[in-house]
């Protein structure tokens, strides 16, 4: 009987995983660069790039920070994953998987802490919103963000309309010369569907009235409570999005680690 010869196949890099990782990360890289460009453009329009100290002058949150930070992280991750997969660079692939793993565990830790320390998170959210209420007129992007949140969640202030007493333009002190004294922003007003033109003065002097008289004109519930209610009403959707993001991160880590193993196996066979 003729002898049987066992054939050994040389290890090779899996093309499917390699190009899937490359394609996914090039999209991620482009989106990150776009976010970063929008953030830098917004800062340029506000003159922040020519005066870096302006970054710390704002008392509240500058929404542009979200674009810059998220865009920067996405760009770095996308670059490492894209170039690492294309050039079969194990250093970049390991950096990608470790960085992505770190982000995943930070998200997981944040989720657990938010569940365990719900009351503390609620207090911090209340403090955060009130700090931004104080800085409402200081930055147009922050102003637009607050207006959007109050209109979307049908709320006013962190715990109620009286939180606007923290703002120098809306407080009720006798020394306040502003026409907006004892008022609230227009985004607190209950919109009349029949109105074609937005009445930006609808909140003037509204807090001089009794609370029962305010109810038909402005939202009297705070944004912290309304946000919690929104989370409860949309818990399945929010949980689904978070799980999908987590699965994508785990998939990215596994693909990168598998590609590193293939590359090292090929190198060891040289």
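Glycine is no exception: its Cβ is also placed from the backbone N, Cα and C atoms.
Secondary structure from DSSP puts residue 155 (disulfide bond) in coil. Same-chain residues at least 6 positions away in sequence with a Cβ under 8 Å from that of residue 155 (disulfide bond) are, in sequence order, 149, 188, 219, 221, 222, 223, 225, 226, 227. The disulfide bond annotation in Swiss-Prot covers 155-223 (among others).
According to Swiss-Prot, the feature disulfide bond maps to 156-188 (among others), an assignment based on similarity to another entry. A helical conformation is recorded for residue 188 (disulfide bond) in the three-state DSSP classification.
If you look up Swiss-Prot, you'll see 172-182 (among others) marked as disulfide bond, on the strength of similarity to another entry. Taking all protein chains in view, 14 other C-beta atoms sit within 10 angstroms of the C-beta of residue 172 (disulfide bond).
Classification of residue 202 (disulfide bond) by DSSP places it in coil, neither helical nor stranded. Within 10 Å of the C-beta of residue 202 (disulfide bond) we count 20 further C-beta atoms, all protein chains included. The disulfide bond annotation in Swiss-Prot covers 189-202 (among others) and is backed by similarity to another entry.
Here Swiss-Prot flags 51 (among others) as N-linked glycosylation site, drawing on sequence analysis. DSSP classifies residue 51 (N-linked glycosylation site) as coil under the three-state reduction.
Applying an 8 A CB threshold to same-chain residues 6+ apart, the list for residue 171 (N-linked glycosylation site) reads 164, 165, 181, 182. According to Swiss-Prot, the N-linked glycosylation site annotation covers 171 (among others), on the basis of sequence analysis.
The topological domain 'Cytoplasmic' annotation in Swiss-Prot covers 1-19 (among others).
Sequence annotations record features per position, and here Swiss-Prot assigns topological domain 'Extracellular' to 41-63 (among others) based on sequence analysis.
Secondary structure by DSSP for the topological domain 'Cytoplasmic' (85-94): 8 helix, 0 strand, 2 coil. The topological domain 'Cytoplasmic' annotation in Swiss-Prot covers 85-94 (among others).
What Swiss-Prot records for 116-234 (among others) is topological domain 'Extracellular'.
What Swiss-Prot lists as topological domain 'Cytoplasmic' is 256-270 (among others).
For 20-40 (among others), the entry in Swiss-Prot reads transmembrane segment, with the evidence type sequence analysis.
Residues or ranges marked as transmembrane segment by Swiss-Prot: 64-84 (among others).
What Swiss-Prot records for 95-115 (among others) is transmembrane segment, and it gives sequence analysis as the kind of evidence. A Cβ distance under 8 Å defines the sequence-distant neighbours of the transmembrane segment (95-115), meaning residues of its chain 6+ beyond its ends; these are 25, 73, 76-77, 80-81, 84, 121, 242, 245-246, 249-250, 252-253, 256-257, 260.
Sequence-distant contacts of the transmembrane segment (235-255) (same chain, six or more residues past either end, CB-CB distance under 8 Å): 17, 20-21, 24, 81, 96-97, 100-101, 103-104, 107-108, 111. According to Swiss-Prot, the transmembrane segment annotation covers 235-255 (among others).
Residue pair residue 189 (disulfide bond) / residue 156 (disulfide bond) shows a Cα separation of 9 Å. Each residue contributes its Cα atom, and for residue 156 (disulfide bond) and residue 172 (disulfide bond) these two points are 16 Å apart. In terms of local Cβ density within 10 Å, 223 ranks first among the disulfide-bonded residues 189, 223. Per DSSP, the topological domain 'Extracellular' (116-234) is made up of 58 helix, 2 strand, 59 coil.
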